[in-house]
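First the structure, then my questions, so here it is.
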Amino acid sequence: MSNLSKRVNSFLALFRKKPEQEFNLLILGLNHAGKTTLAARIGSESEEAIRSITPTTNQTEKHLRFKKLKVCMRDVSGQWRMRQTWHTYYQEANVLIFVVDSTDAFRLAEARCELCDVLLDERLSEVPLLILANKQDALGALPSAIITDLLGLRQLGGRLWHIQECSALGNDGIDVSMKFGTESIYISSNYTFPMPDHQ
Ligand SMILES: Nc1nc2c(ncn2[C@@H]2O[C@H](COP(=O)(O)OP(=O)(O)O)[C@@H](O)[C@H]2O)c(=O)[nH]1
Ligand SMILES: [Mg+2]
């Protein structure tokens with residue numbers, strides 16, 4: 001290629017549309033916390049599908065558009081055997097969503113241990129963390145203030161994090177949760193696309 005055509009090509013490249021970036025939401029948490037129900041809710045699946053979810057044995061990946069962003073949502077099983085594979089998804093994560101069953105006080109200690117382990121990984125050190133205190137519709141659900149203490153969230157230091165009460169099954173608090181999700185993507189990635197209005 002001649003020098004002139006190289007120059008013309010690089011000039012034209014300035015006007016070419018960049019491929020749109022896809023952001024990765026990584027959904028983790030103990031088994032039975034409600035991760036797959038949440039993923040189905042974010043993916044606007046039918047009520048029937050949402051209410052007939054079966055336990056995840058592996059992981060599922062969904063590509064969708066959410067609040068003007070191109071998103072890949074990865075829901076990984078929280079069964080003990082699968083927790084050993086969580087680290088294989090850290091590298092690409094732009095936002096970490098950690099779901100807890102707010103009615104299961106007994107397993108919150110286990111959730112804390114797993115969350116600690118996850119957050120110690122260098123690859124996630126800059127990744128915003130959204131904790132969902134799920135199943136708020138159910139009897140005996142603990143409020144987010146208590147879950148914050150039980151999970152030791154106040155010791156997280158400089159990390160961008162937020163806890164939100166929600167019910168994935170009842171579709172309550174999901175939109176406001178995802179508002180943090182999308183805003184933190186904009187903040188942490190210096191993404192220059194205009195901020196969505198979350199309508
Ligand atoms: N009451 C109530 N049950 C929920 C909620 N979210 C999920 N569940 C139920 O909890 C069980 C486990 O949900 P699932 O999404 O499979 O959890 P996962 O193992 O974390 O993926 C299912 O029976 C869901 O219907 C919620 O917000 N409220
Ligand atoms: Mg699941």
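Just so you know, glycine gets a Cβ as well, placed from its N, Cα and C.
Curation plays no part in TrEMBL annotations; they are all automatic predictions.
So TrEMBL has the following annotated:
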BINDING   Gly29, Leu30, Asn31, His32, Ala33, Gly34, Lys35, Thr36, Gly78, Asn134, Lys135, Gln136, Asp137  GTP binding site
BINDING   Thr36, Thr56  Mg(2+) binding site
Who sits close to Gly78 (GTP binding site): which same-chain residues at least 6 apart have their Cβ under 8 Å from its Cβ?
Leu28, Gly29, Leu30, Asn31, His32, Ala33, Lys35, Thr56, Glu114
For a quick check of packing: other C-beta atoms within 10 Å of the C-beta of Thr36 (Mg(2+) binding site), how many?
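Here the count is 22.
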Quick one: of the binding-site residues Gly29, Asn31, Ala33, Lys35, Gly78, Asp137, flag those whose CB is under 6 Å from ligand 2, and say none if nothing qualifies.
Lys35
Is it possible to get the count of other C-beta atoms within 10 angstroms of the C-beta of Asn31 (GTP binding site)?
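There are 18 of them.
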Pick the one among the binding-site residues Lys35, Asp137 whose Cβ has the fewest other Cβ atoms within 10 Å in this structure.
Asp137
Please find, for Gly29, Leu30, Asn31, His32, Ala33, Gly34, Lys35, Thr36, Gly78, Asn134, Lys135, Gln136, Asp137 as listed binding GTP, the greatest distance between any two Cα atoms, in Å.
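Per the listed residues, the maximum Cα distance equals 22 Å.
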